[in-house]
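Under the heading domain 'Sodium/calcium exchanger membrane region', TrEMBL lists 4-143, 161-301. Annotation comment: TrEMBL describes 67-92, 104-122, 128-146, 158-180, 195-219, 231-251, 257-278, 285-303 as transmembrane segment.
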Amino acid sequence: MLTYLILCGGLLGLFLGGDLLVRGASAIAVRLGMSPMVIGLTIVGFGTSTPELLVSLNAALNGQSGIAIGNVVGSNIANLLLILGLAALIAPVESRFQDNRGDLFWMCGAVIILPVLFYSGHIGRIEGFVLALGLVSYLVLRLRGARDGELTVDAAPLWRSLLITALGLAAVMAGAHYLVQSATIIARDWGVSEAMIGLSIVAIGTSLPELATTCVAAFRGQRDIALGNVIGSNIFNVLGILGITALIAPIPVDARFLTLDTPFVIAVSLIILALIAWRNGFGRIVGLAMLATYAGYIAYSAMI
């Protein structure tokens, strides 16, 4: 009974924190004259990926490579299909392709290199260094010339916006921690395998900060933050989390990631790229299709 109460408390922390995080990030963007998309890609996107980093590091250090890699790949799939799908149901996902094509290409490029990394059955420190270097390169390129306006003196004080953002981020991280912890205990009691826990329960659980933040942003009309959060999180998951984790503790790779999950996340990433390039976004019908696809993927994964 206590485990279920902790799970509910984690959910509450996620969504209350998500609201604070979006409010604070939007205020920072206004105060610094930066676009909401850049804030979503960096502060919000990377910040909400902190649970994935902590979970993958802990799993790798404990020899649970299935959870370490499944968390990263599964989180990227959940971000694209589950989170963007739900966001599209709240409000159509709209973004000019010309404004963020570079970020979309980085997101797709990050997952396209995964088969090369996984082919040897092992991600070592050299590969981890290359991935981490890629993340640094992305940040340097993205933040160069990120401002799209002047400093707004009349906006809320920067310290207050930073405090609200930090409180929101702390709340979603705490909520994600307790939710994942309780859900994993429940799943193990039900006899769910480690790989499946990594790809589904832990991946969805550590993506809940992104879910809360993206859905709140969509509801509040901050569509650039909603999309930027997902793109930034997916880039950080591959380049940052896999890179840092492999630098600290090299990771063995299960063959299933090379044959099933990685091709799937590549295909989904390219489809999202095509939708935004073709129509500058997508609406509720596509959102429903994304949710159905995600449900099918989870069901199929559970059977193999």
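Cβ coordinates come from backbone N, Cα and C, glycine included.
Just so you know, TrEMBL annotations are computer predictions that nobody has curated.
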Tertiary contacts of the transmembrane segment (285-303) (same chain, 6+ residues out, Cβ under 8 Å): 77-78, 80-82, 84-89, 93, 196, 199-200, 260-261, 264, 268, 275
Segment-segment contact (the transmembrane segment (67-92); the transmembrane segment (231-251)) at 3 or more Cβ pairs under 8 Å: yes
Contact between the transmembrane segment (231-251) and the transmembrane segment (158-180) (3 or more Cβ pairs under 8 Å, separation 6+): no
The domain 'Sodium/calcium exchanger membrane region' (161-301): DSSP-derived helix, strand, coil residue counts: 123 helix, 4 strand, 14 coil
Within-chain partners of the transmembrane segment (128-146) [C-beta distance under 8 Å, separation at least 6 from its ends]: 34-35, 38, 41-42, 102-103, 106, 110, 117, 235-236, 238-240, 242-248, 250
